[in-house]
């Protein structure tokens with residue numbers, strides 16, 4: 001049995017679908033009872049941020065799928081991701097008999113955070129840090145739910161792309177990684193699922209504008225993870241929670257990204 005921890009990145013509109021979250025956490029609960037494998041959830045919550053920005057009448061700007069985060073907005077975004085989104089997921093976990101703890105990338109020095117690009121504002125780049133605290137939590141059989149908010153060594157709050165954050169967490173733990181999103185995986189020009197993809201094939205599809213916008217970030221994060229971890233990384237959909245048990249035991253249900 002594979003005892004390597006599994007990092008599950010949750011993103012997209014899944015946070016707005018209570019029915020899907022119920023099925024997801026029931027699947028996780030059933031799986032953990034059988035497999036005794038450590039699961040870690042890393043999440044974003046872009047739709048919550050979009051809703052908040054609209055209410056505050058603040059403009060949302062994205063560059064290559066990354067949210068531009070002015071310093072005067074990082075407090076709002078931290079509240080939406082590390083607050084509302086994180087506690088909502090923790091609540092759904094508890095409701096479905098999954099013991100959970102809400103964390104951020106900064107807790108216990110789990111990830112090192114630097115500013116990605118000054119033009120993007122308070123957008124951070126996460127790299128693997130010290131996983132000792134997270135490993136101690138996992139030893140208690142509690143499921144960590146980690147928001148994609150990080151803190152630099154200078155104490156600056158940073159909004160980290162959740163896919164990239166999940167890569168850093170998986171690297172810190174030497175864990176397997178699954179990126180769950182709104183889409184079933186990477187689709188070709190005919191909208192058919194691509195079962196397997198390497199870096200050269202992905203760059204060609206980006207050049208051909210088959211892979212666009214936020215999917216570019218997701219694809220590059222998955223390829224980086226595959227390279228860094230030295231094993232295939234999966235991108236799949238959360239829309240079919242009944243298939244996730246297959247994924248947890250190592251069967252592919254989406255697109256697998258291969259290391260070079």
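Heads up, the Cβ atoms here are built off N, Cα and C, so glycines get one too.
The annotation in Swiss-Prot ties 45, 46, 67 to substrate, and of the candidates under consideration, 153, 159, the one tied to the same site is 159.
A simple way to gauge crowding: the CB of residue 45 (substrate binding site) has 30 other CB atoms within 10 angstroms, across all the protein chains here.
For the recorded site, residue 45 (substrate binding site), the DSSP three-state label reads coil. Residues near residue 218 (site 'Transition state stabilizer') in space but far in sequence (CB under 8 A, at least 6 apart, same chain), listed by position: 65, 163, 179, 181, 235. Residue 46 (substrate binding site) counts 23 other C-beta atoms within 10 Å of its own C-beta, drawing on all protein chains shown. For residue 9 (site 'Transition state stabilizer'), applying a Cβ distance below 8 Å and a minimum sequence separation of six or more within one chain yields 41, 42, 43, 162, 163, 165, 166, 177, 178, 179, 180.
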